[in-house]
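Q: Next up is a structure, given as structure tokens.
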Amino acid sequence: MAKTILEMDNITKTFPGVKALDNVNFKVEEGEIHFLVGENGAGKSTLMKVLSGVYPYGEYEGDIVYQGKVQQFHKINDSVDVGIAIIYQELALFPDLSVYENIYIGNEVKHNGIINWNQTIVKAKDMLKKVNLKVKPETLIKDLGVGKQQLIEIAKALSKEVKLLILDEPTAALNEDDSENLLELIKELKKQGITCIMISHKLKEVVAIADKATILRDGQTICTLEKAKGEIDEKTIIRHMVGREMNQIYPKRENHEIGDTILELKNWSAYDGQLGRHVVKNADLKLNRGEIIGISGLMGAGRTELALSMFGNPKNYKLKGDLVLNQQPVHFKHTSDAIKAGMAYVTEDRKGNGLFLLQNITKNVSASKLQGIAHHGIINNNEEIKIAEHYKNSLHIKASSIEQLVGKLSGGNQQKVSLGKWLFAGPNILILDEPTRGIDVGAKFEIYTVMNELVEKGLSIIMISSELGEVLGMSDRVYVMAEGEIKGELDSQSADQEKIMELATQ
Amino acid sequence: MKILQETQQLIKDNIRDYGMYIALFVIMLTFNMMTDGTFMSSRNISNLLDSAGYIAVLAVGMTLVIVIRHIDLSVGYVAGFLGAIAAILLMQQGLSIYLVIPIILALGIIIGLANGFLIAQLGIPAFVASLAGMLIFRGALLKVTEGTGTIIVQNEVFNALGNGFIPSLGMVNARHLLTIIIGVLGVLFFVYSELKTRHDKVKYNFDVISVPIFAVKLTLISLIIAYITWILAGYNGFSWTLMIVLFVTIVYHFISNKTVLGRQIYAVGSNPEAAHLSGINVKKITYLVMGSMSMLAALSGILYTARLQSATTTAGMLFELDAIAAAYVGGVSSAGGVGKVTGAIIGAIVMASLTNGMNLLGVGISYQYMIRGGVLAGAVIFDVLTRKRGK
């Protein structure tokens, strides 16, 4: 029986209004590869942040027992000092510094405060050998691919004499070869006695290299599967991941007629020059009049990117393939073209790129169709007020008045303002990106009701959502994305949580 | 009792705006007492407003530049350079002033669009792009004045822009008649627009301030306009500079508050990404704002050259910093999306009052800089603190 290296007992972590972790128990034995699996928002990353001290001692309840001792990490360095290293999905490297500088940053090879660069380079070479990476230590990070950067991160962790290595979705941004490489390396590290916790959405990987897999769902530990007992296979994992009861009620649509195809994507690809990879690959998709289609998938599957690439391409992706609107191929040069063509996009990140937080409700609602309230470029304030009042009442936005700053509203009401803003633009096609993220049940129901009213009027809706219940409850058809590709299409009768998750974790 | 509470609430909600006016009021009153009334004399106020003119127009443009999260350091020497070009066209080329002014303003717009190209198209940080412009136009100013040194402008119409006054149409009790007429019209227009706004708000059942407070506000501001008019009418009346500044302020105030373009500018400043996703052309807005900035720099150059009646080799030095300071005193926020054109004007007057008042008192130049720096820091600290409390 191997020694237990880490035990997290009854960890509870609450954010305002949400219990992100609810009495989670998590046990890792020395020298094993242990996967954490769960849907978006299941609490995996939060648990790892508790472990690494991002959420310091006192902000959570429960105990962390590491190497037989109860630990109290007050800051990230406390966990680093005892040999815990975490590598996030977004790499924390300095692109303009060299490989050796990156490996030893914060952990410099120094004598009386003076850095010994020559020794640093020698040591860095050793570390690079350990991760099987053949690059010169002088290479700048920005000149390396993502796969190699990932390895540099690991080398950096190794240089700190790590005992417990945590990787948060390390292969999400990697191609097949690089992923393979990384998994091999992790097996190699296991032989050297390093314990590894991995968060991953790719179940193939779990099946391939996991010794154990703990499944989280809605902030609770569901079970731990063991390879030794033959428990780790994709079906079993999926069953445990999604086994949620459908307790949310979705309003039913009345006389709901589906018309002709209004939007079609043919072999649609988007290449992100900055990331140096395709964020959308060969997507084929159809949207009919009066229809709600759901786009499901896990984080990083390329759903938001798909929406942006259709909606005037604000991120300047290199696009390939056809976007067909009402049987006419279209090329949008700017988001304003997409809006003119009858599209609207309610963003995932309300505060970041959806709303003008320092402006009031009135100005937010009118922002995407200013010419609609203006005559010869001069704004008719009375008209604007009428429209803002209209949406405040019809969407039940709770605010003291339409002059209230949007930044001071609750999440649900902000979402309604965002929705109102786009309804005012008068679209035929409404793209909703995570329309109910972070809002309460009552507001969710109201938004669903509005969605139903809209499709009854003949609008078409593309709903991007990570909530399986919502996707199943609201969509006529579901597309599932993973790694930028559409992995499958399901109709509302045949779709269920297991099928979606199977496609999403390919 | 209720009125008292409402007043308190009103001051709390608008502390940032009121604070600026109160500060200006306190500064003026203090200087007036310390100079035994010289500060508020007709002649001095007239002089003060004229001396603020060429910075005030820059501050208006700078406010919008800062609202869209950029900065323009080149405006000072652009003003100096274009002022010199104006002098050359007038004196050496013998062009008509009615041709020279549009040419200079057009050159300003072209320079601004070039700035816009660097910033919007190539993505160069505005600080660096305009720093390069500052150096280039400093050199250009030296180059065009190299042969001649200071160029004296002998054109009465041109010089009147910086020194002249509007015609009086006759004097009443030794007061300037046209000035009084304009002042009265100004008060009437102000009262009318306030009443209309209030009427509209009542129509939509919005909260409005109570009648007594509204009446006090109307009377107070009307009195201030009337008083300033009265003071100026006792000297030479409104100057052309003041009329130009008023015109620029009204136009920019209107654009920023009442037009689609203005709304788009504030949207871009407030959240560029959201603006882009709302179909607003962020690049176009950047071009326009930078273009307008340099056009105002050209205007500033004209005003300054006219005021000195000559183009000098050092014209425009540090204008940009005065304009930026005025904009910040006027309540613009570098986080973007916040700042008023009217605030910039008040900011420019605050800074000009400080200089003017301290000159009257004979304060040494060393202390003058320190005090102005202190006021700038104070204004921004006040801004940050009141904004924090607002959240």
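A Cβ is built for glycine as well, from the same backbone N, Cα and C atoms used for every other residue.
No curator has checked TrEMBL annotations; they are predicted automatically.
Pasting the relevant annotations from TrEMBL:
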| type | residues | note |
| --- | --- | --- |
| TRANSMEM | B:21-39 | transmembrane segment |
| TRANSMEM | B:51-68 | transmembrane segment |
| TRANSMEM | B:75-91 | transmembrane segment |
| TRANSMEM | B:97-115 | transmembrane segment |
| TRANSMEM | B:122-141 | transmembrane segment |
| TRANSMEM | B:174-192 | transmembrane segment |
| TRANSMEM | B:204-232 | transmembrane segment |
| TRANSMEM | B:238-255 | transmembrane segment |
| TRANSMEM | B:285-304 | transmembrane segment |
| TRANSMEM | B:341-361 | transmembrane segment |
Q: Decide whether the stretches the transmembrane segment (B:21-39) and the transmembrane segment (B:238-255) have at least 3 CB pairs under 8 angstroms, with pairs required to be 6 or more apart in sequence.
A: no
Q: Hey, which bits of the same chain come close to the transmembrane segment (B:285-304), Cβ under 8 Å, at least six residues off its ends?
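A: Hits for the transmembrane segment (B:285-304): 53-55, 57-58, 60-62, 64-65, 67-68, 70, 72, 74-76, 78-84, 86, 101, 104-105, 107-113, 115-117, 119-120, 158, 161-162, 241, 244, 248, 261, 264-265, 268, 275, 315-316, 319.
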Q: Is the transmembrane segment (B:238-255) close to the transmembrane segment (B:51-68), in the sense of at least 3 CB pairs under 8 angstroms with a sequence gap of 6 or more?
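A: In contact, yes.
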Q: Cβ under 8 Å, sequence separation of at least 6 from the ends of the transmembrane segment (B:97-115): give me the contacting residues as numbers and ranges.
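A: Residues packing against the transmembrane segment (B:97-115) from afar: 72, 74, 78, 82, 85-86, 89-90, 126, 129-130, 133, 137, 155, 157-158, 287, 290-299, 301-302.
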Q: Which residues of the chain, 6 or more past the ends of the transmembrane segment (B:174-192), have a CB below 8 A from one of its CBs?
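A: Residues 165-168, 218, 221-222, 225-226, 228-230, 232-238.
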